[in-house]
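*Asks:* Take this structure first; my questions come after.
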Amino acid sequence: MSAFTIGAAGTSPPPDENTPVASHQLSTLSRATSNWSSENIIGRGGFGPVYRGSLNNREVAIKRLEVAIGGGQGIAEFERELATLTHCRHENLLPLLGYCRAPDLCLVYPFMENGSLFDLLHLTDGRERKGALLPTFISRLELLRQVVSGLVYLHGENFVHRDIKSANILLDSLGAARIGDTGLTREVEGDFTNTQGVGSPGYVDPRYVETLELSEASDVFSFGVVMLEVLTGKPAVDRTQRPPPLYVRARRFTSWSEHADTDIDRGAEGASEGLERLGELAKRCISNETEDRPTAGAVMTEIEGLMTPQALPVPEARVRECQVCFDAEPNARLTPCQHAVVCVTCAAELKRRRQGCPICRVQIRSFDEGTWENTFANGETGESPPPAPAPNPFANATAPLATATISEEEDLQLAMAIRASLNEQGTPSPRGVRPPDLRVVEQHVPDTSTVDLAQRLRRLEEANSALVDAAESGDINKVRELLATGVDVNCSKEGDEGRTALLMAAYCGHLAVVRVLVAAEADVNKALTNGCTPLYIAAHEGHIDVVQVLVAAEADVNKAETTAGCTPLCIAAQKGHLNVVQVLVAARADVNKATTNGCTPFFMAAQKGHQNIVQALVAARADVNKALTTDGATPLFIAAGKGHLNIVQALVAARADVNKGKTNGCTPLYIAAQEGHLDVLQVLVTARADVNKATTVGWTPLMAANHRNHTSFVSYLQSVGAR
């Protein structure tokens, strides 16, 4: 990492909005990356690899998109992203320099030599953590201010980013922050209901997981997690230890100084107080309820307030100068908060930028011009209402997200039950209950508690069964009620093949129940005894909305059931669920992962005659020639034998090997001649299939047609040189 000042204000000039975005030939970009050398790969996003290259004497990063173009949908998506990237130009957004439309879709950005904020906070250079390059509290505030400034701009243009995270915040050569992956944005009017999983684990808004309603508040939640990373130095998700996500732990913090990054210098004036205030601001951003979260503009205003302590006025006195420009008289009264602390010019600018009042952070809807006696101007009489209290991040939390609590007596009783269970089978503690000190339990629980403990265990078993039954029947209110009592969200009914609430809700297609269970942190990969996961079951049944929620919750898209090794993609391809296949392919499911006998998704779709799925898999670059491990049959062979003309044509167009046969030598042409599919036979001959290739026992396609009395086939084959 080069020497630079992190978050140096004003060091990075804004891009020229009139600078044209260049169109490039794929060959030009290929040369720029040394023919797409793997040594030049510097990262991989959700849409494909990112290469470092040199273009017109400038270091660039080139994103090569791996998208399916079937039916023009991929092109339309690319055009939308291109339009967004071209339109959104701001000093804290990563600018688009160029693009390529065909034959591959590529986007060209300036190379950010100082990496990402994630690298800065969580990776190491030798023995020194890079986070030490952010030594002061004010430097971290400035970096956050730059990020939220870009977010305010996007929201002002009616866009939501959808994937704010530290890995998408890049640092240029001067250390200025730029939000990347802006092409993921969506234009919204009010709340936007999204049909595809967005966001990253640890950053995604739990409300979005439940409702699939995407709004600016979703971005604010994700930015709140970034604030927590900057404040604590901890990653959003610790994959080495798998504790709860950072935002879940942070909601319990009472002293931010105890949890702040040790690299932050606490000696500066106001740093300790600032840490506490920034932590509480982050807490409001990660509130459960979207209405309890501040706007991006309000967050920016509060961060700027932390950077300029002199901007905090004395409530009882009248402010004598605008608290934004510090130059003009505060002649604007803001609505709805009624604070008179800024001038008319700054009030208009704050309103345009959708920011909040410098005092209470409430978003400004309108303002009046005039002169008022007090800062808190309820009216021209000078009566001053008290400032609005800060939103409670836990207010109105839904039952599944509420923290389970138990009494001391219950804690002691449950501890004995846990101890007995651990002694017998090593069962982990129930969800949401802290491990007890068993020595204390021995001292305080009398022997007569055995009957009570047995009753409690029976009640727990009954509650577990009730949760699974409620999920199966789709009784969302009962599910919420049981979760609120502390029932293990991952429990299963005894002796019932490991059926959990999530498995049954996924099987029955109860979307609302699935969302509640996922929000309550149900294990999305916990399977039945035969290995069937919730995602596999939902894919089998064709419940596309459930599949989307599970994919967004990071379910393993490649986990196979144990009976035949069938993956969610395989079963969806076999059942003909096109939309499920598309979602799984977009989630980077392995399109070539086969069952234990070698059946790939391609083979499944070809066998069943699902032409649209075959086309989707062709677009996803699945191996068209991968054969069964039992007899060597290929997708083309099985389609030819079944007489699926359209699929044969699609496979031939995808360059399937027309002469690749089974282990006994039967080729696609041979099986078409034997089964009497003349149209398939003609397609294969046109594709230059060998009309004289014989089986291991010497039978040719001509002999097979003659044996089955297909007279017209015999004549046709002889006309094209068959012997």
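For all residues, glycine too, the Cβ spot is worked out from N, Cα and C.
Feature annotation from TrEMBL assigns region 'Disordered' to 1-22. According to TrEMBL, the feature domain 'Protein kinase' maps to 36-307. The domain 'RING-type' annotation in TrEMBL covers 322-361. The annotation repeat 'ANK' is assigned in TrEMBL to 462-494, 497-529, 530-562, 564-596, 597-629, 631-663, 664-696.
Tell me what's around each of these sites.
*Replies:* The predicted model assigns the repeat 'ANK' (462-494) a mean pLDDT of 84.
Here the repeat 'ANK' (497-529) has Cβ contacts under 8 Å with residues 206, 209-212, 244, 398, 400-401, 467-468, 470-476, 479-480, 483, 489-491, 535-538, 541, 543, 545-546, 549-550, 553-556, 559, 561 of the same chain, all six or more residues outside its ends.
Sequence-distant contacts of the repeat 'ANK' (564-596), counting only residues of its own chain at least 6 positions beyond either end whose CB sits under 8 Å from a CB of the stretch, comprise 46, 68, 196-197, 533, 535-536, 538-540, 542, 544, 547-548, 551, 557-558, 602-605, 607-608, 610, 612-613, 616-617, 620-623, 626, 629.
The repeat 'ANK' (631-663): residue composition by secondary structure is 17 helix, 0 strand, 16 coil, according to DSSP.
Residues 631, 634, 636-637, 639-641, 643-645, 648-649, 652, 658, 702, 704-705, 707-708, 710, 712-713, 716-717, 720-723 of the same chain, all 6+ positions outside the repeat 'ANK' (664-696), place their C-beta atoms under 8 angstroms from a C-beta of that stretch.
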*Asks:* So, by DSSP, how many helix, strand and coil residues make up the repeat 'ANK' (497-529)?
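*Replies:* Summed by class, the stretch gives 17 helix, 1 strand, 15 coil.
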